[in-house]
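Below is one structure, written out as structure tokens, with a few remarks after it.
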Amino acid sequence: MHTGGETSACKPSSVRLAPSFSFHAAGLQMAGQMPHSHQYSDRRQPNISDQQVSALSYSDQIQQPLTNQVMPDIVMLQRRMPQTFRDPATAPLRKLSVDLIKTYKHINEVYYAKKKRRHQQGQGDDSSHKKERKVYNDGYDDDNYDYIVKNGEKWMDRYEIDSLIGKGSFGQVVKAYDRVEQEWVAIKIIKNKKAFLNQAQIEVRLLELMNKHDTEMKYYIVHLKRHFMFRNHLCLVFEMLSYNLYDLLRNTNFRGVSLNLTRKFAQQMCTALLFLATPELSIIHCDLKPENILLCNPKRSAIKIVDFGSSCQLGQRIYQYIQSRFYRSPEVLLGMPYDLAIDMWSLGCILVEMHTGEPLFSGANEVDQMNKIVEVLGIPPAHILDQAPKARKFFEKLPDGTWNLKKTKDGKREYKPPGTRKLHNILGVETGGPGGRRAGESGHTVADYLKFKDLILRMLDYDPKTRIQPYYALQHSFFKKTADEGTNTSNSVSTSPAMEQSQSSGTTSSTSSSSGGSSGTSNSGRARSDPTHQHRHSGGHFTAAVQAMDCETHSPQVRQQFPAPLGWSGTEAPTQVTVETHPVQETTFHVAPQQNALHHHHGNSSHHHHHHHHHHHHHGQQALGNRTRPRVYNSPTNSSSTQDSMEVGHSHHSMTSLSSSTTSSSTSSSSTGNQGNQAYQNRPVAANTLDFGQNGAMDVNLTVYSNPRQETGIAGHPTYQFSANTGPAHYMTEGHLTMRQGADREESPMTGVCVQQSPVASS
């Protein structure tokens with residue numbers, strides 16, 4: 001019999017298993033059949049007895065008394081052992097060491113799968129409520145106040161909606177077929193919201209006013225055919241146009257177009273600005289940029305200005321934050337009153353960009369913009385900065401009264417000293433053009449470049465009072481005949497491009513007749529620029545087509561010489577000016593000599609050009625590259641779709657429309673009342689002779705918007721009073737500016753330019 005000490009030695013903490021391991025395997029099998037309980041009871045004794053019997057068979061029934069006491073402890077240990085061993089790969093130690101990355105991936109998969117499932121379930125739960133909550137205007141609008149466009153829908157039994165070709169902050173643009181006129185049109189659908197409606201009504205009024213004074217569509221302004229309300233949306237019906245000038249630039253890989261083609265664009269734009277400056281219009285576009293200048297036809301150089309959504313009349317200005325940044329004039333940057341001269345600044349910037357392929361002043365913000373202007377043009381005159389509310393945003397005044405640039409806060413951008421980045425070098429006047437790419441080309445001589453540079457410097461005059469005006473720009477030697485007839489436009493076709501298009505196709509939207517396919521949108525940060533025209537086109541590479549662009553030329557027609565008008569002060573006879581644009585109508589103006597405006601030259605050796613884009617990125621294709629076009633406000637963006645056909649159906653919209661934030665209204669005109677600007681603002685351009693009485697008013701009923709500068713009577717703005725002893729002065733044009741056809745042709749400056757419209761950004 002064992003003693004108590006021996007019994008104590010057999011406790012679980014000190015049991016010796018070696019003698020009994022011979023039956024351990026049998027114990028495992030038996031343990032699998034035993035109840036898993038941590039309480040010991042007499043009910044388990046029979047099982048223990050069975051184990052003992054099994055164990056005795058292995059130990060020859062030796063030490064039976066000891067086994068009787070050890071067996072309960074062995075069974076307990078066996079119960080704690082796993083019945084089956086797990087895969088080593090699932091061991092926690094392995095998961096947290098060798099397979100740690102795999103563990104993290106699994107956690108992410110499980111987590112995000114659950115999150116995605118919950119999100120989908122949540123969407124499913126409120127999908128029905130969402131429709132009920134966000135569909136407005138009896139189900140015709142979405143939650144953004146935009147009309148829900150349905151392809152193939154027919155409006156008013158007249159317009160068949162083809163597709164959405166553009167979308168912006170103002171609303172949308174669709175391509176539609178007009179069954180009545182049997183032509184393609186672009187319909188601008190304004191958002192169903194009061195603020196957008198009000199602004200669009202201003203645009204409609206200005207467009208109708210311009211179209212009223214340009215019934216023959218001679219002056220390069222987009223034609224508003226009609227407008228109507230449809231399901232609470234104001235809809236503007238425009239002619240269809242083609243590519244914009246930014247598309248053209250992009251398709252030259254941003255190398256720029258020839259000086260010849262740049263000249264043709266310049267003449268048409270100056271003519272358009274001259275038209276806008278007529279007293280009964282006095283319209284400031286406020287957002288000129290390449291995106292807002294569209295080709296009428298992809299085969300011709302005729303252009304039109306679009307997007308008057310930001311425009312205003314002189315004296316009716318409502319915005320202070322205007323113009324795309326790259327093209328923003330100094331007076332706008334400095335917070336000064338502005339007038340029509342801001343559009344001339346923008347034009348100067350555009351023309352340089354069209355030839356060089358790159359923006360002259362591509363500022364990332366207003367401070368950067370001003371610094372880049374100063375690099376080229378130097379510090380603005382002190383008399384301007386002294387009056388500028390925002391001068392100290394960019395400059396600091398020294399004790400001696402002079403101004404210097406402020407150092408940038410970040411200190412990252414380093415600029416060239418003021419006025420040291422010469423326009424002479426930017427244009428490559430003596431080095432074969434930009435990058436030397438025009439060396440040896442006809443029409444790109446040093447003399448040609450010197451004329452171009454001089455015109456640009458006059459357009460980029462810091463002082464809006466002395467900045468060249470459209471009338472005098474058209475007289476510049478850059479547009480005059482030279483020994484090389486191919487370098488200017490004076491012998492180019494004088495037929496109105498809009499009329500040519502209409503005559504050749506029967507409609508003003510013929511270029512869009514073959515446009516088809518669905519519209520595409522892609523993201524432009526704008527640009528596109530910004531920043532921002534809605535167009536749709538069917539335009540693959542059309543190398544053959546561009547060779548035909550702008551190729552017609554005609555010998556100038558002998559024009560009647562008008563007698564000198566009465567009423568000019570001074571002894572000098574009035575200057576007779578022949579204005580020829582390609583393919584614009586020839587116009588003879590009789591004007592008083594304005595020496596200060598005609599012969600002035602900017603004090604700085606190089607003038608500044610700045611350029612602001614709508615926020616919209618243009619995505620170039622392949623080697624074309626991308627260029628961001630920042631936009632001045634929450635502007636519409638561009639969208640396009642590319643098809644295989646060559647022709648282009650292009651909406652007239654550049655889609656830089658409404659400002660998302662209304663700035664303080666400014667109704668006071670800037671002080672621009674010098675003799676030169678008087679001629680600028682009041683140079684009538686009409687089909688018939690315009691007669692002015694002593695009060696300067698035409699023999700027509702002027703509306704409240706006509707000649708607002710005269711009505712406001714602001715100091716510094718002459719009211720066109722003529723001496724009482726003189727007769728009425730006549731601004732004369734050739735009656736109904738003749739339209740001519742010709743057969744002579746010159747080589748197209750577009751030869752070799754492969755124009756392909758790639759998707760433009762939309763946001």
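The backbone N, Cα and C atoms fix where each Cβ goes, glycine too.
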Q | Site from Y112, Y220, Y246, Y319 that Swiss-Prot describes as phosphotyrosine, others unannotated there | A | Y319
Q: Among K150, K154, K188, find me the residue Swiss-Prot lists at the same ATP site as I165, G166, K167, G168, S169, F170, G171, Q172, V173, F238, E239, M240, L241.
A: K188
Q. So which of T402, T431, T495, T712 shows up as phosphothreonine in Swiss-Prot?
A. T402
Q | Among Y140, Y145, Y159, Y319, which are recorded as modified residues, the nearest neighbour of G171 (ATP binding site) by Cα | A | Y145
Q: Please report how many Å separate the Cα atom of K167 (ATP binding site) from that of Y449 (phosphotyrosine), as a whole number.
A: 40
(Q) Which one is it: of the modified residues Y145, Y159, Y319, which Cβ has the fewest other Cβ atoms within 10 Å in this structure? (A) Y145
Q: In whole Å, could you give the widest CA to CA gap in the ATP site formed by I165, G166, K167, G168, S169, F170, G171, Q172, V173, K188, F238, E239, M240, L241?
A: 21
**Q.** Candidates I165, S169, F238 (binding-site residues) - the one closest to Y145 (phosphotyrosine) by CA
**A.** S169
Q. Taking every protein chain shown into account, which of the binding-site residues I165, V173, M240 has the largest tally of Cβ atoms within 10 Å of its Cβ?
A. I165
Q | Least Cβ-crowded entry, counting other Cβ within 10 Å, from the recorded positions listed as F238, Y321, Y449 | A | Y321
**Q.** Helix, strand or coil at S169 (ATP binding site) [DSSP, three-state]
**A.** coil
